[in-house]
Amino acid sequence: MAMNNLSLCRPMVSSSFGVNPTQADRSSHPVSLFIRLNSPSMSFQSIKFKDASRGPLSRECHCIPVVSEWGTETIPFSLIKDRPFIKMPIIERTPSKLSTYQILEPGMIVLENYVSLMDQVDLVKICEKWAAGPGGFYLYRSDEDYVRQMCFGRNWDPETGYKNRYRSNGFKPPPVPYELISLAEAAIQDAQIYVDELPSMYPDTCLARFYNNFGRVSLHQDCDESSDSLRKGLPVVTISIGSIAEFVYGYTRYYKRLKSYLLESGDVLIFGGQSRHIYHGVKQIGSHTSCDLDELSRMRTGRLSLTLRQF
């Protein structure tokens, strides 16, 4: 698919990041054209969920920590590598370079290289602030150290959705950081220039996930939000940081008929409107990330995804 330039009427970086938008860094990150993706086949599991206006829906189904597994809730997990700190030189934020975009389906778009390198570093720091605390990252299953998650705004788990206000360890999620809200709103506004009938939304919940090289997410639909949010097709916004992810999607659950797209560090995926109930998942994670992000953020090797929604 041909690459398209984003011609924006305003900077894509929110001033909430503490940067003058006219001086914001939109420099492209190093991209590897040849990446080695893990080969294990993915296992899709789902459970049915009934929506009166849309018919049967399906959402991802994982086990969540129960009383006997609360140990996984209390083990601190840091996004930062366990290595001696080396003071890095101050990096100036250079004038922005234009992002590109790809329209995947009606109401579904990827803003490529949308989040600058320095803003990615800032987002890692924001997540790290909460990561190792009692409300930080935990495992779906105590025996699989592949994908960890934490929530902002509202508690969510793959088994019960938003029903439980508190996590199994009794802690309530922290508020959604304003930087994430501002970035998601700006991304939607920019996407609306190119995608018809993409509604606006105010994100009040954020699911942060960290994938190691064996992490994946089964094929599912996002259907736990309120009936009003689902009916209006309010968009889902996912920010990718770190390793490349093979994202699969389609209007069917049959794997052979799914399409795939490589989400890279700094990309923002948005789907809403006609594509709000599209099936999607993460098939596999690339084996490495950019050297610049690694040095500046000191983030572990893997992928950090930040998915924002309006309940």
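Glycine too: its Cβ is placed from the backbone N, Cα and C atoms.
Feature annotation from TrEMBL assigns Fe cation binding site to His220, Asp222, His280. The Cβ of His220 (Fe cation binding site) has 22 other Cβ atoms within 10 Å, all protein chains considered. His220 (Fe cation binding site) carries a strand DSSP state (E or B).
For 202-311, the entry in TrEMBL reads domain 'Fe2OG dioxygenase'. Taking DSSP states H, G and I as helix and E and B as strand, the domain 'Fe2OG dioxygenase' (202-311) has 19 helix, 49 strand, 42 coil.
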Which number gives the other C-beta atoms within 10 angstroms of the C-beta of His280 (Fe cation binding site), all protein chains shown included?
-> 24
The predicted model's mean pLDDT over the domain 'Fe2OG dioxygenase' (202-311) is 91
